[in-house]
Ligand code: ADP
Ligand code: MG
């Protein structure tokens, strides 16, 4: 008798998480939100705590051929802070767990922690614990971040309503284009170690890949302006994939407009140089760590003049589907490609 074997790739990353979630039963009334958002939400009396965790593996999430150790440390913190930001919360503490092979010296660990400590300073968080262990393979960093918010400030993926305005911060696609450039320069270097990589010209896009910054500035501005988005998440897998998450969680559709999508000039020019469609980078490029959120129309005047918030479309009824209106006016269905880990 042969045992049934299902490939993880049949479910995909999100299918696998849904599958695991089916067996999970919440027992404590303080667990306000479990699996399924950017962070879990826990009742703490007069406020809530939000908790998120992310795992970064050498060779999967970063390549030490081009990622400097301090940047890896900084990014490991930033990606967690980004998930706290996505809940409209303020990060307060992190724990850092690290697995090291004997390839790494104390100086190398110090270099990683210089980035971790710089990020703690930048985001105002305290490093309060972690775990250290040996690794047979490369470097593994897992960080858990804890944040705080008032209960009524927390933004879930599930709150988008028909006619809300869809917004994104910053610009998109840069991190993917940066990764392609870094990979190309690595291949050039491997073919000829005397060649010095020419990264100056690509400083913005390679920076987007190597040292992303979580948009805590926007969260503080929401506080100042008295805006609470109706839904929010961070863009880690690509805009198209995140629109699917918001749509699914909120039970809505969405229409976005190609001419409203923010792309940096260097991202655009480099994508063209590399022979990739810039719009594909914007829709499916991961790791930008910008915020995707929806707002009630009444809040539009408060954000209208913000230089770094872009109004890319609006929320529609679920049955209207998810569409991108191209510059020529054609509506094309959005496909969620995102990053396939399996
Ligand atoms: P993000 O990209 O915002 O970090 P993920 O797509 O990684 O979010 O995760 C989506 C949700 O699934 C989150 O609530 C996360 O905590 C949960 N999750 C992911 N992997 C697991 C796992 N192995 N077991 C339980 N929950 C998980
Ligand atoms: Mg997220």
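Any Cβ shown, glycine's included, is placed from N, Cα and C.
Since the structure is predicted, the reported quantities are computational estimates derived from the model, not experimental observations.
Annotated Mg(2+) 4 binding site per TrEMBL: 38, 52, 83, in sequence order. Sequence-distant neighbours of residue 52 (Mg(2+) 4 binding site) (same chain, six or more apart, CB under 8 Å from its CB) are 38, 39, 40, 80, 83, 84, 144, 145, listed in sequence order. Under DSSP, residue 52 (Mg(2+) 4 binding site) is assigned to a strand (E or B) in the three-state scheme.
DSSP gives residue 83 (Mg(2+) 4 binding site) a helix state. Other Cβ atoms within 10 Å of the Cβ of residue 83 (Mg(2+) 4 binding site), summed over all protein chains shown, number 25. According to TrEMBL, the Mg(2+) 2 binding site annotation covers 54, 83.
According to TrEMBL, the Mg(2+) 5 binding site annotation covers 237.
The domain 'PurM-like N-terminal' annotation in TrEMBL covers 36-148. Counting residues per DSSP class in helix, strand and coil order gives 35 helix, 45 strand, 33 coil for the domain 'PurM-like N-terminal' (36-148).
Mapped onto DSSP helix, strand and coil, the domain 'PurM-like C-terminal' (212-321) counts 52 helix, 24 strand, 34 coil. According to TrEMBL, the domain 'PurM-like C-terminal' annotation covers 212-321.
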Note = If you count the other CB atoms within 10 A of the CB of residue 237 (Mg(2+) 5 binding site), including all protein chains displayed, you should get 24
Request  = Measuring CB to CB from residue 54 (Mg(2+) 2 binding site), give everything in the same chain under 8 Å that is also at least six residues away in sequence.
outcome  = 76, 79, 80, 83, 142, 143
Request  = For ligand 2, pick out the binding-site residues 38, 54, 83 that have a CB under 6 angstroms away from one of its atoms.
outcome  = 38, 83
Inquiry  = Take the mean position of the Cβ atoms of 38, 52, 83, the recorded Mg(2+) 4 site. Which other residues of that chain put their Cβ within 8 Å of it?
reply    = 37, 39, 50, 54, 80, 82, 84, 86, 87, 145, 234
Inquiry  = I'd like to know the mean pLDDT over the domain 'PurM-like N-terminal' (36-148).
reply    = 97
